[in-house]
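Per Swiss-Prot, the feature region 'Disordered' maps to 1-30, 158-262. Per Swiss-Prot, compositional bias 'Polar residues' is recorded for 1-10, 230-250. Per Swiss-Prot, N6-acetyllysine is recorded for Lys11, Lys302. If you look up Swiss-Prot, you'll see Lys11, Lys288, Lys302, Lys403, Lys421 marked as SUMO2 cross-link, on the strength of a large-scale study or a structure entry. Per Swiss-Prot, phosphothreonine is recorded for Thr18. The phosphoserine annotation in Swiss-Prot covers Ser22, Ser213, Ser238, Ser257, Ser323. Residues or ranges marked as domain 'PNT' in Swiss-Prot: 40-124. Annotation comment: Swiss-Prot describes 339-420 as DNA-binding region, evidence class sequence analysis.
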Amino acid sequence: MSETPAQCSIKQERISYTPPESPVPSYASSTPLHVPVPRALRMEEDSIRLPAHLRLQPIYWSRDDVAQWLKWAENEFSLRPIDSNTFEMNGKALLLLTKEDFRYRSPHSGDVLYELLQHILKQRKPRILFSPFFHPGNSIHTQPEVILHQNHEEDNCVQRTPRPSVDNVHHNPPTIELLHRSRSPITTNHRPSPDPEQRPLRSPLDNMIRRLSPAERAQGPRPHQENNHQESYPLSVSPMENNHCPASSESHPKPSSPRQESTRVIQLMPSPIMHPLILNPRHSVDFKQSRLSEDGLHREGKPINLSHREDLAYMNHIMVSVSPPEEHAMPIGRIADCRLLWDYVYQLLSDSRYENFIRWEDKESKIFRIVDPNGLARLWGNHKNRTNMTYEKMSRALRHYYKLNIIRKEPGQRLLFRFMKTPDEIMSGRTDRLEHLESQELDEQIYQEDEC
């Protein structure tokens, strides 16, 4: 039986047609859902892949790390050979260099190295994903409040059928609640109560120790009417108020127990650097708990008024002063009783804080190297109150010492110099002439700047 042309075409279409893949993923498997990383973020991370030993913050790089980074950049970006001797410094000193400093040290590749370093600094900034979609077991909100829970069982209990009361008790670990609050340990946040008659009086303590239920956390963050300041971050460490999972249905809420427990609050004072609080499970924390009731607080059978409740809130606060680690201040280069440049250079060479600017290459032979010419010029400018001092201007003063055979430039070496005399020998000579030459040089610079 012959087929009509229309039937043949329909048959061919059926054979060649393949149904498209369903855009809806299958949830039959028990594997967790992986959210793909945005393409722009993935491209930014894949654009520069440093070696494993260089993936620390550049501020922690050693001198060898800086040399290896230069070698890697030279190969990665097909740059001209870079003289690593011009970058003999650690990561801290590398971050002090400006773009002009990079160009001065490496005329052909300095701008690329500077932009590469800035890109690495941006790439090393921590990224925080605030969406709870990435962590179904945790509840992470943005600015209003951040609540971190170490236990994932509580959220899973929402979907389970209720068990007998004996099985419903779970001894969960303490929760850590990090909230944005004002300077005062007593918060002024008052959420509207569903029934004002049942809740005649709500102290700030009740709002402060209030913990979100899993059903409330699933609804996302709520808008806050309070003023969120960044100066203070109260951190409350407390046991769970309710050690049982709520019922799976929200239409039958359980009445709250008549007795609740207050929390012990550890409040971190404002500090430039916030250190993490490490809770060691081996050392138990003794929380002195006071019993609260919904219809008015009672303690030993006597009612407690509002002032006592505020005192209770203050008693349950532990003020922890978090101070940043001691860091050496950036040297500004001012040295007392030091007028001449050669003496100033000797003083800097004797101080280890200035090794990123100038250092001894061979102390016995009195050979020194200027590591950061522009930085050294800025230090000399601060010392002489010349904010526009440059290395070119400072090198003019150095040339006077060439003529007097005090300092000599090493032949064939860049930024390498040698003292031809000891400080005692220099002081025994005519220092008044040196002072006159240097002051004359500064006066000429000021005159030229005024002319411009």
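Each residue, glycine too, has its Cβ placed from N, Cα and C.
Predicted, not measured: the structure shown is a model, and the values here were computed from it.
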How far is it from Lys421 (SUMO2 cross-link) to Lys403 (SUMO2 cross-link), counting Cα to Cα, in Å?
13
Helix-strand-coil residue split for the DNA-binding region (339-420), DSSP-based:
36 helix, 16 strand, 30 coil
Looking only at the domain 'PNT' (40-124), what are its DSSP counts of helix, strand and coil residues?
59 helix, 0 strand, 26 coil
Near Lys403 (SUMO2 cross-link), which residues of its chain come within a Cβ-Cβ distance under 8 Å, counting only those 6 or more away in sequence?
none
